[in-house]
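Pulled from TrEMBL:
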TRANSMEM  58-86  transmembrane segment
TRANSMEM  106-131  transmembrane segment
TRANSMEM  152-176  transmembrane segment
TRANSMEM  244-266  transmembrane segment
COILED    279-306  coiled coil
Amino acid sequence: VITRPEMEIGRYHWMYRSSRPHRYHHVPAVRGNISPLGIPGCFECCIKCLGGVPYASLVATILCFSGVALFCGCGHVALTGTVAILEQHFSTTASDHALLSEVIQLMQYVIYGIASFFFLYGIILLAEGFYTTSAVKELHGEFKTTACGRCISGMFVFLTYVLGVAWLGVFGFSAVPVFMFYNIWSTCEVIKSLQTNVTVPGDQICVDIRQYGIIPWNAVPGKACGPILENICNTNEFYMSYHLFIVACAGAGATVIALIHFLMILSSNWAYLKDASKMQAYQDIKAKEEQELQDIQSRSKEQLNSYT
């Protein structure tokens, strides 16, 4: 006759062996890649370190740093050249462009703040990429994710989304001076092409900066015509400012692409951390059940010993 303790022992063996997780045994490395003492060699250590690098976050960080550096550096110099062009050719009275000079100076200070902020923010996002990559690598190991870590990852997703929308506006705003300088340059090209045509004088072709709203209508002279406008296009300030505004606009576009890339990475990392938290809860429940089965086994052995 099978006693109750024996039935409990049989039930334990049936449940415990079926619920025991599959354990992967470490496959020994090639003998040539390890030292005689069994310590991993330099090659294995390098491969392990390279496997933990978040390459997607690294590429996005480099692209973000490059875009912000181009926008801030080129934009700062281009704004300085624009003020020089206005003061020398379109607004000779200081009071007419005083407000514009203050706005440009304020924008240059804002550029300093943008560069500092994105340098720090890019490093933080790269560190978050390293953190999440290690979490995914050790998903079935001793890694423990917390609700605070998942909340921080979600906050980075929201903040990166807001910054991406803001940089879309910056990209559109940076295209405005490119459009203005292109209009001036194209007008100069028209004047050059009309020099061979005697019937159409080039003095009648003008560019009025006042229509763009950057200087008041009472500014003197406010516009440039014919050879004067052509001379303006041949100055170093105009040439440098025009091309630097183009590069700054391209840098703003690169920053938008980098932030979209960061947004995809952060969303994926947040999903990985969420899965890690579920796996952690599953392992805790599993460990609790195994502990209960061990308690049943110990009690069954004690009852069996008492009966015998």
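Glycine is treated like the rest: Cβ placed from N, Cα and C.
From a predicted model like this one, the values you see are computed outputs, not experimental measurements.
Among residues of the same chain six or more beyond the transmembrane segment (244-266), those with a C-beta under 8 A of the stretch's C-beta atoms are 54, 56-57, 59-61, 63-64, 66-72, 74-75, 77-78, 81, 118, 125, 128-129, 153, 156-157, 160-161, 163-164, 167-168, 170-171, 174-175, 177-178, 181. Mean pLDDT of the predicted structure over the coiled coil (279-306): 75.
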